[in-house]
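A quick write-up on the structure given underneath.
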Amino acid sequence: MRCSLRLCVGVTGVCGVLFLGLGIGAIFLFDSLLNDQIKKNEVIEKGSYLYEQWSDIPVPIFMQFWVWDLLNPEEVLQGEKPAVRQKGPYTYSERVVKTNITFYDNGTVSYMQPRTFTFLRNMSVGPENDTFTSLNIPLVTIAELIQNERDIVKDLVSVIERLAQETLFMKLTVGGLVWGYNDSLLVDVNKLVPGLLPSAEFGLFMGRKVNGTDGVYSVFTGKGDVTKVNLIDTWDGQKKLNYWSDDPYCNMINGTDGNFFPPFITKEMKATLFSTDICRSVEGEFIRESSVRGIPTYRYEAPERLFQSGDINPDNKCYCQNQACLPSGLLNISICKQGAPVIMSSPHFYLGDQSLVDSIIGMHPDPEQHKVYFEVEPLTGFPMNVAKRLQINIFVRKVEHILQTGNVREMFYPILWLNESTFIDPVNADKFKSQVTNNIELMYGVEYGMIGVGCVLLIMFIILFVKHRKRQSSTVVGTTDERTNLLNGDTVQ
């Protein structure tokens with residue numbers, strides 16, 4: 001029995017140490033194997049899984065628009081505050097397939113990514129030909145372009161506008177505003193001043209409806225250094241922008257195109273991307289751990305400082321134009337939109353100066369509805385849930401000699417806001433889990449299972465060892481007592 005208990009104690013102790021050691025060793029071994037596998041797969045090259053996901057994005061992407069319908073145009077012309085109501089969403093499916101893919105010897109690949117949009121009536125509040133009252137953007141743009149011209153030029157343009165029966169506010173269709181319509185004023189102005197305007201057609205997303213693209217990207221493939229995969233090397237042949245004066249910070253082209261991020265993301269890292277919509281690079285800050293369809297993710301959000309005034313945030317000083325900084329919540333991108341007075345913000349002026357919200361009746365900023373966020377699987381860098389939300393505004397003011405501007409007050413007038421979003425569908429989520437998440441969970445299960453078994457065996461070893469020592473001690477005491485009794489008995493005799 002003694003030998004049997006002693007053997008059990010020894011075997012239990014050895015097994016406990018063995019399993020604990022194997023579990024700890026498996027952590028380093030499996031993590032190393034996992035990292036090696038990710039490094040191997042996270043390279044953009046033909047024939048790879050990543051190449052398929054990168055070149056033809058499989059997850060559904062939606063573009064939704066909400067337009068602002070002006071309720072009191074006559075009062076606004078007299079200097080009153082605009083009252084608007086939100087109409088939407090008007091939803092489109094978005095298809096992104098990269099073209100002109102060319103690999104280079106320096107570890108980069110160039111491409112274009114045209115987009116095709118298809119209207120989804122079942123996910124919209126109405127058809128594309130729904131009408132609403134909005135700002136006459138071509139008129140305002142022309143007024144701004146000739147703001148510093150001689151009075152005779154302004155008078156001439158004003159006459160043309162009156163002959164064309166142009167007004168500051170006009171009825172538009174949703175499809176016309178977004179994708180383009182022929183504008184009679186632009187036709188007449190181009191006849192008067194050839195070359196002043198690029199086209200007689202106007203639409204906020206005119207170039208993107210079918211096979212529209214936002215430039216030529218060149219990104220690193222990740223070959224040789226997987227931490228650089230999909231990071232932009234150049235955009236339209238440039239390593240930096242030339243919009244924002246000569247400031248190196250604001251003109252940086254940082255991060256990815258937003259399709260996916262490099263692998264091995266940590267909570268301390270910034271998720272950086274370059275957005276042609278706002279002509280600058282942006283950073284997302286880690287907020288918390290999250291989960292999308294059972295896939296562990298990190299949630300990032302656009303910080304308040306993104307559109308913070310340069311008077312408050314010195315890093316944004318270089319986005320101020322003509323030495324004038326806008327209120328917090330706004331970004332003037334006219335410099336990259338052919339001089340059109342386009343001002344970007346978050347929807348409903350979310351995170352903007354309170355004066356912006358108060359200047360328009362109908363603004364109701366809501367963090368849940370209007371913030372920018374994306375949820376990324378940290379090991380692979382794949383985005384699982386994304387919501388990019390922006391509002392397009394136009395700077396409006398009274399322009400002398402342009403009678404159509406009436407007595408309108410100076411303001412940032414909201415035109416529409418959009419939500420470009422993607423949420424991984426169940427089919428692709430299951431595919432990702434079967435290829436990545438489930439394997440990781442299995443490895444973690446084996447690692448911690450062995451550690452758990454080792455700990456249990458060591459606890460059993462301790463219990464058995466203590467029990468064995470107690471038994472040995474009681475046996476020694478019993479033998480001593482017997483000897484004492486025998487000795488006492490001999491002495492009595």
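Here the Cβ of each residue, glycine as well, is placed from N, Cα and C on the backbone.
All annotation found in TrEMBL is predicted automatically rather than curated by experts.
The transmembrane segment annotation in TrEMBL covers 7-30 (among others).
The disulfide bond annotation in TrEMBL covers Cys250-Cys318 (among others).
The annotation disulfide bond is assigned in TrEMBL to Cys279-Cys336 (among others). Cβ neighbours of Cys279 (disulfide bond) (same chain, under 8 Å, six or more residues apart in sequence): Leu241, Tyr243, Ile333, Ile335, Cys336.
Residues annotated as disulfide bond in TrEMBL: Cys320-Cys325 (among others). Taking a C-beta cut-off of under 8 Å and a sequence gap of six or more, Cys320 (disulfide bond) has these contacts in its own chain: Gly310, Leu326, Asn332.
Summarising the annotation, TrEMBL assigns transmembrane segment to 442-466 (among others).
Residues near Cys250 (disulfide bond) in space but far in sequence (CB under 8 A, at least 6 apart, same chain), listed by position: Leu241, Tyr243, Trp244, Arg280, Cys318, Tyr319. Cβ neighbours of Cys325 (disulfide bond) (same chain, under 8 Å, six or more residues apart in sequence): Ser309, Gly310, Asp311, Asn316, Lys317, Tyr319.
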